[in-house]
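According to TrEMBL, the domain 'Death' annotation covers 246-312. Positions annotated as repeat 'ANK' by TrEMBL: 16-49, 50-82, 83-116.
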Amino acid sequence: MSSLSSLQINKRFGRFGKTPLMLACEVGADRRIIEILIEAGGEVGANDFQGDTALHLAVFGHRLEALELLLSRGSRVNPRDVHGQTPLHWACSLGYFHTVDILLGDNGIDANVVNNDGDTPLHAAVQKQRYVIVSKMLSKCCTSLNMKTEERLSGVVVARYLANQGADFHQRNNNNNTPLDLIKDPNLRKKLETFLPPQCLLCRNKTATIKFLPCGHFVTCETCSKISHKRCLKCGKLVTSRTGDGRELGIKQVDLNIIRSDFPNDTAEQGFQMLYKWFQCCDPANRTLKTLTEALKEFECFDALECLSLDTN
């Protein structure tokens, strides 16, 4: 193989113009064959005539070993074909959880990348209604997602997993549909809405992150919060103040919604749980007295703030 030139090793075959490396990944050739082709100069990121890369073809064929090998050898994780489809789009559409899991584990993955129709991978997952297939392969994630046993066989699991990875349920495609709009089962849609981040009631296109007090409703996104409101748009109560939801501490939105769902009428406990989550997740270098004090003020944990002041005096 070492005597082959780069031109020979990347020669295209057939009407789709696939290289030997693409064909090897598509059919799931032995790992050693794929490694030899790469070492001989096979272009990992080359595109065929449809814009597909070896990574796309590994996803189509559900070739997990080839997928992992390509990523370890520097393959781009978000390449697009002629339709703007990334490997993650196809994995979600086909219902290949293990493939989705591998792709989402790559540091460069973009869970909200859109194709030529404006669809994200999340749109693709719900359009194809791959819930049963994916949920069976997602059992190992149930514990980390705080899911109950009976939820393991429900369609909510794939969407919840993607939400945990940063996928946006409020992002609209070219037909002005969000992933939630595409879910035909009203019971599933209602169940998803119980833990998904709320939608801004003004722009209807971003996540509501600003909480109105004293009612505690999340009503607007940060951009729309610049508009003054005397009453809550949700319940009509007078607004005395507004505050963020804790994402500035680096807490994932899905974790914030789980906390609010678990303690719906206890803002003090919500504040404590957010602080605890922040303490677990943040860089130890950022666990300073100043940061903690600002966080306690943000979540209005005045009792804890008073205790902190006594301890530091």
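Counting starts with 1 at the first residue shown.
Placed from the backbone N, Cα and C atoms, the Cβ positions cover glycine too.
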Worksheet item: Roughly where does the repeat 'ANK' (50-82) sit in mean pLDDT, to the nearest integer?
Response: 95
Item to complete: Tally the residues of the repeat 'ANK' (83-116) by DSSP class, grouping H, G and I as helix, E and B as strand, and everything else as coil.
Response: 16 helix, 0 strand, 18 coil
Discussion item. Please count the residues of the repeat 'ANK' (50-82) that DSSP assigns to helix (H, G, I), strand (E, B) and coil.
Written reply: 16 helix, 0 strand, 17 coil
Worksheet item: Where DSSP helix means H, G or I and strand means E or B, what are the helix, strand and coil counts for the repeat 'ANK' (16-49)?
Response: 17 helix, 1 strand, 16 coil
